[in-house]
Every structure is written in structure tokens, then in C-alpha cells.
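Now, the feature entries from TrEMBL:
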type	residues	note
ACT_SITE	Tyr139	active site, proton donor
ACT_SITE	Lys210	active site, proton acceptor
BINDING	Arg192, Asn447, Asn491	(S)-malate binding site
BINDING	Glu282, Asp283, Asp306	divalent metal cation binding site
DOMAIN	116-297	domain 'Malic enzyme N-terminal'
DOMAIN	307-560	domain 'Malic enzyme NAD-binding'
Amino acid sequence: MESTFKEIRDGQSVLDLDPKSTVGGGVEDVYGEDRATEDKLVTPWTFSVASGYSLLRDPQYNKGLAFTEKERDAHYLRGLLPPIILSQQLQEKKLMQNIRQYQVPLQKYMSLMDLQERNERLFYKLLIDNVEELLPVVYTPTVGEACQKYGSIFKRPQGLYISLKEKGKILEVLKNWPERTIQAIVVTDGERILGLGDLGCQGMGIPVGKLSLYTALGGVRPSACLPITIDVGTNNEQLLKDEFYIGLRQRRATGKEYYELLHEFMSAVKQNYGEKVLIQFEDFANHNAFELLAEYRTTHLVFNDDIQGTAAVVLAGVVAALKLVGGALAEQKFLFLGAGEAGTGIAELIALEISKQTKAPLEETRKKIWLVDSKGLIVSSRKDSLQNFKKPWAHEHEPVKDLLDAVKAIKPTVLIGSSGVGKTFTKEVVEALASCNDKPIIMALSNPTSQSECTAEEAYTWSKGRAIFASGSPFDPVEYDGKTYVAGQSNNAYIFPGFGLGLIISGAIRVHDEMLLAASEALASQVTKENFDNGLIYPRFSTIRKISAHIAANVAAKAYELGVATRLPRPKDLVKYAESCMYTPVYRNYR
Ligand SMILES: NC(=O)C1=CN([C@@H]2O[C@H](COP(=O)(O)OP(=O)(O)OC[C@H]3O[C@@H](n4cnc5c(N)ncnc54)[C@H](OP(=O)(O)O)[C@@H]3O)[C@@H](O)[C@H]2O)C=CC1
Ligand SMILES: CC(=O)C(=O)O
Ligand SMILES: [Mg+2]
């Protein structure tokens, strides 16, 4: 034994130490790690095949108390687990009971994150089977609070952090990730996290949350999903002063420094994972988001969820709403509060769809759509000072300072909130809209709930129960005048999981706007009579996997039609094929 000590602790005399001492934490510290001083190097090492204790600590394979007798024998688990065996169903029941006991949403979030890190299949089983209940926990609104407090609740790192420190080494950093086959990346730089602003490196909660939906809602394997946060600093003074902040403590890099890092990242991703890896940009600020999308949409498989995914989901909601309201899409007049990524992205897709339906040129169909930003209605006299993405919306009109006056002047049939500012659809605004529409369509898209332009209760009450309402974050059903109103959730979570699946199963190498229209059409077609009878303009999230399969099939069909699909031959029944590709979280049997 002494000679082993000697060999392993190269150079250090250990004969004067007591090898049986447990002071350092071990029984016999044969590898010398416990006694290593700060200046002494040790080797981190692990088994490559998980068995025994390491199997219980591996979230991808761990089944906890569900390991069978045979598996406990075959994988050295005897004694490491209490004798009882629980089915996955019973584990699920127990965990749901535990989660329901927490009163504070953030506690539910943390408990679910712990589960994800402990037992991945059980996490996804819970999420899939209880999607309507758990979506608000792993996603908006709770994920927003989690990002705000990410530094304090941080336990084990999730996803990949690429900061300015890794400049010149991004390819190496990607190679540190344990999985080789990656199909979907969600990346943020944390500058516009929901409607909460710049949360820097703590934005990581968003890619993690979005990718868990890729798996739960869209069936993309968890091992093929990679959450990434690019840390170029933050301009959030509070975070810069926060001793628990996990990111670079500097102001944001901009201009050349920013774009060089992003370019290195985009090139490294393609080099490491190939042409068919989907890169979803999420929650970048608009001064970078539009440029990044324009720069990489012709060379990479990229998709901006805030600009494009949101557009597809809102178009689907409006098309569905017209079944309740009557009239054609081209007959509607749209007014947006907020002319950023979501606002102008939605506006452009609606204009494109109207142009397709009516054969009118885009320049004409855009005229049905008006946007208000922080300076008022976007009109032609402001054109010179507008950012590029707003210019197509600068129509002829006298200046209008605020939303209420804009509603009175434009008389829209559809009012969409994409401002990130809560309480901006005031009583006066909703009443003005309701005064010129029998059934005004109101979408308060901003997240999380605190930033919603109005609540469901406000929309129904102020419109005297006439509004067709949907919001970005969920609201409970509302009682008004003896009737129950159920608000729909207009959130890109309906689109991106199925959209991504469609790209993956067809081996698409580029995203085209036609594919967004295809996704939107598939979603609108999934709204049932029962949904409409309840005043809903979206299907229930409880059927999301079926919806995602239809979206995936429509997107894949379009990819084949456009010649950007590489998976050949084309499967005959794309819905069935999409379903057959979906990850299911039931436990596997181990040999
Ligand atoms: N439901 C969903 O699926 C989605 C919801 N969202 C939500 O939409 C919101 C906006 O996101 P995004 O478009 O990316 O953000 P951007 O920052 O790109 O755009 C925000 C826009 O709102 C305008 N604005 C800000 N304050 C006011 C105000 N007080 N009055 C009028 N206009 C104002 C800004 O004006 P200016 O340009 O003058 O600064 C800007 O045009 C966020 O809360 C986000 O969570 C986003 C994507 C999807
Ligand atoms: C839903 C979403 O993507 C957002 O609020 O940014
Ligand atoms: Mg987003």
C-alpha cells in the first residue's frame, strides 16, 4: 500500500502521513486528492461507462428507485439504493405532489431544475404529462424571475458559457461539451431577457428553458440540444455590483469586438457540428438581432425566435380569431404597441401572408399595419431618424404622440402589444378599441406577466366581455358577468419546438419565410371547435406534441418543396415520420 501511495503522489513523501486519516474526507486517500495543497496538481478522473454510484449520479441514465432487481445486480447498485422499487408512474406521482406543495413558483422551478440534473427522463415525463401546469414554471413567467436571481440560485452549471475570455478558442470550448451530435442550439447574449432587459450572463435560464421545451414539446432528444450564453459583459448596474453575479464584470462589448466574437462563434459551430445544426437566436437586443439574422441566414441554419417564431404564432392566432370575428385577413387593420423584434417581425409576416392571399405587392399590404414605438406612431415624417427595421412601416400620417390617440386615429381591428412594458393597454385604450369593434382582437404579448400590456381580466372587463384575448404569459380564467372567459396564450412556444423538429427531420440547411408561413398555417389548423366554443384562438398546450408533429410535417414539406432538405428520400407521411422521430422519456431497460 505504501508503495502505491508513493507512486501516485509523485515526489511527495507521504510516509510521515497517516494514510487511514479521514480528515480530508476519504477513508484511505489513495489518490492523494484530499491532502493536495493548493499548489499541488491532481488529476480529475471519471469512469467512461456509468455503473454503480456514477450511474446514480448520471442524469441521462439514472432511474433512481425505478432500477429493477436485475439492473441493481448487473450495475453494482446493491446497497446504494433502499430495497424498494418504484415505477416511473409512482415516481412521477410523488414528485408532482412535492412540487404542488411549494407555494413559491421559484421553489417549484428550482425543484424541477434539480430533477433535470438528477434524472432527465423523469423530468421530461413530468413536463410532458403535466405540460399546462409546469410550463409556467420552467418557462414564462417563472423563468424570468429565475434569470433575475440566477446568481443566487446557481448550483451546477447548465449549458455552455462563451465569454470574451474565450475569444480565439471557441472551437476548443465547443469540444469541451460532452455530446458530439448536436441538432439544436439556443443562444442568447442576455441583453433583452423577456421584457426584463439586460440580465447578462444570467440569461442562461432562457436557452436552458427553451431547449427543455424543444424536448418536451417538440420531441428533440435532450442530448442533441445545447444551450449557450455568450457573455460580452452587461450594462446592468445592479448586476455589475452584485457579489453573486456569475458573468463578466464589465460593460458590454460592442461594435467590432462584439461582431468578431459572434462571427468566431458562428464559424466554430458550423465547423464542429456541420451545416445542419439549428442555431436559434433568443433574446438578443434588436440592435444586434436583425443584423445577426440578416448576416447568417444565407450561410447557416438560423432562426430568430423573437422575430420569426413570434410572427408565426401571432399570425396563426389572428387567422384563427377571424373564425370567431368574421372577415378576411386583408380586411383587418393592425396596430402594434412596440416596434422592435416581435412587433416588426409579426408585422412583416402578416403583410407577407396578405400579399400571398391577395397578390397585392408587399409595399401595399404593409399599409394595413401601423406601429407605435416609444416616440409615438411611426409615420413618414420620422423616416430619417428611424432604425432600418422600422422604415417599411413609416406610412403617411400626421404625427401621433401616444397609443390612445393612435387607436382613435387608426381604428384598428387588431391591437398587439409587443413593447415589453406592462399596463400600457389602459382602460381608455381598450374602451376606445371596443368602441369601434364588435369583437376587438387584443394580444398582450409581453413577458413575463408583470410586463403584460394588460391582464385577461382587464381585457374582458373593459371590453364588456367582447374581446378575443390572448397573452404571452398565461392568465387564469376570468369570471365576468356570470360567464367564464378562458384566455389563450400567444407564445412562440407553440411554434419553435415543432418548427425545429421539422428542420431536423428534413435535414434542412436554411430557413425561408415560406417555412414560417407553413408553420403558422399548421398551428391555426389545429384549433378545434371546442377551442373556439371556449373563445380560444390557440389549441390547448396539453395537445402540443400532436400540434408540433403537424407543424414539423408542414415545415419539412416546405423544405422539400424549396429544395433545402437534405434527408432523402422524402418520407411519404411526414406527420407519422415526425411522430416516430420524437423522443419519449419512458425509462429504457439496461442489459
Ligand atoms: N409572446 C411571445 O411569444 C413573445 C413575446 N415577446 C415579448 O415582447 C416584448 C418586446 O420584445 P422585443 O420586440 O424583442 O423587444 P424590442 O426591444 O426589440 O422592442 C420593444 C419595442 O417597444 C417599444 N417601447 C418600449 N417602451 C415603450 C412605451 N412605453 N411605449 C411604446 N413603445 C414602447 C420600443 O420602442 P423604441 O424602439 O422607441 O425603443 C421598441 O420598439 C418583450 O416583453 C418580450 O418578452 C417577445 C417575443 C415573443
Ligand atoms: C417568449 C419569448 O421568446 C420572449 O418573451 O422573449
Ligand atoms: Mg424570446
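Here the Cβ of each residue, glycine as well, is placed from N, Cα and C on the backbone.
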Additional residues surrounding divalent metal cation, by Cβ distance to the Glu282, Asp283, Asp306 centre under 8 Å: Thr188, Arg192, Ile206, Phe281, Phe284, Ala289, Asn304, Asp305, Glu341
Which recorded positions sit within 10 Å of Arg192 ((S)-malate binding site) - Cα, from Tyr139, Lys210, Glu282, Asp283: Glu282, Asp283
Integer Å distance between the CA atoms belonging to Asp306 (divalent metal cation binding site) and Asn447 ((S)-malate binding site): 12
Minimum Cα separation from the residue listed as 'active site, proton donor', reported as the residue among binding-site residues Glu282, Asp283, Asp306, Asn491 that achieves it: Asn491
Recorded positions whose CB lies under 6 angstroms from ligand 2, from Tyr139, Lys210, Asp283, Asp306: Asp283, Asp306
C-alpha spacing of Glu282 (divalent metal cation binding site) relative to the residue listed as 'active site, proton acceptor', in angstrom: 9
Spatial neighbours, same chain, of Glu282 (divalent metal cation binding site) - Cβ under 8 Å, 6+ residues apart: Val186, Val187, Thr188, Ile206, Pro207, Lys210, Asn304, Asp305, Asp306
Intrachain C-beta neighbours of Asn491 ((S)-malate binding site), sequence separation six or more, cut-off 8 angstroms: Thr140, Val313, Leu445, Asn447, Gly472, Ser473
Candidates near ligand 1 among the recorded positions Tyr139, Lys210, Glu282, Asp306, Asn447, Asn491, judged by a Cβ under 6 angstroms: Asp306, Asn447, Asn491
Contacting recorded positions for ligand 3, chosen from Arg192, Lys210, Glu282, Asp283, Asp306, Asn447 when the Cβ sits under 6 angstroms of any of its atoms: Glu282, Asp283, Asp306
Lowest local Cβ density among Arg192, Lys210, which the record lists as recorded positions, within 10 Å: Arg192
Segment-level pLDDT (mean, integer) for the domain 'Malic enzyme N-terminal' (116-297): 97
Residues that sit under 8 angstroms from Asp283 (divalent metal cation binding site) by C-beta distance, when 6+ apart in the chain: Thr188, Gly190, Glu191, Arg192, Ile193, Leu194, Gly203, Ile206, Asp306
